[in-house]
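Read through the structure below, which is laid out as structure tokens, and then see the notes.
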Ligand SMILES: [Zn+2]
């Protein structure tokens, strides 16, 4: 989930919102101001109603963030790095780097999120009861009641035993512990996620047919999101499984076509690139170290007046962590997202370019197209 707007950094974790969170804010505030609050306190002016509705919607988003922070704090305790927390239309996403080390860690990181939502529900519920007894304005009482109910819903919904929901992770943790096999546990949780997602999409369609179009669209949207996320996770699990016990040298495409930083771009495009089927080419400096990459698409678009310019001017520089050694474990490849042209890593040692790894190589790895002589060197 992309952060459109960075709100700030809390406990070293960048917190932001995706643009789609605006839709959630408008829908929540709209439903509150136009149907829930008028029913609770009919005599109140529109201005007060809308102010209370917007404020409640913002507090609702803050409770989503608190849920994600609970995950983040426990994850960190188990050594899992938290890259960011992003709020979007359908909730919050805490992005982790790395996987929980044990089934127990998996269970705890997952369970604390719904526990936080449950605690918030209790707090808002207590405030709602107190406000009612103390004779607070009906609008405030209604807002507190809505926040309590919504956090109960959040806790319950997230406990559904289907990946990528927290309940799916809890299921994965339990199965992992009982089967002793993380991969098969993850596949089971992902399958449960796919089934739940399709059931929700079906339910959404029925609701739409019954005329409840807002509920229907929302349910179908959440279902679609769950199916998509469960499938992505399933592929990710396959990839992790396929990478296990292999070295980068087992996965890479060796002896890739490549260029030099000082070489005229037109020369490279007209000779090496013209006869190659690679989508992307590493670029090497005078010392022999790979320093960048240029895509086939960029070379095809090369204008005639650019032909004499050095190839280095057209390359995208390589991050140092994208240059890996051949003996490193293949799992190191799963930490970087692909660059343009699908380039994941450049393999080099002793100022010598040895290979490249692209998304195609990883697809081949998952399909089993790479020899199954798993390295024992690791
Ligand atoms: Zn959660």
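In case you wondered, yes, glycine gets a Cβ from its N, Cα and C as well.
Some features that TrEMBL has for this protein:
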- 12-36: transmembrane segment (TRANSMEM)
- 48-66: transmembrane segment (TRANSMEM)
- 56-124: domain 'Peptidase M50' (DOMAIN)
- 78-96: transmembrane segment (TRANSMEM)
- 108-131: transmembrane segment (TRANSMEM)
- 138-186: domain 'Peptidase M50' (DOMAIN)
- 138-160: transmembrane segment (TRANSMEM)
- 205-227: transmembrane segment (TRANSMEM)
* Going by DSSP, how much of the domain 'Peptidase M50' (56-124) is helix, how much is strand and how much is coil, in residues? -> 44 helix, 15 strand, 10 coil
* Please figure out which one of 12-36, 48-66, 108-131, 138-160, 205-227 racks up the most CB pairs under 8 Å against the transmembrane segment (78-96). => 12-36
* Contact set, same chain, for the transmembrane segment (205-227): CB under 8 Å, 6 or more residues outside the stretch -> 27, 90, 162, 164-165, 193-194, 196-199
* **Long-range neighbours of the transmembrane segment (48-66), counting only residues six or more past its ends (CB under 8 A)** => 15, 17, 21, 24-25, 28-30, 32-33, 37-38, 85, 87, 91-92, 116-117, 120, 139-140, 143, 146-147, 150-151, 154
* Structure fact -> Its residues classified by DSSP, the domain 'Peptidase M50' (138-186) shows 40 helix, 0 strand, 9 coil
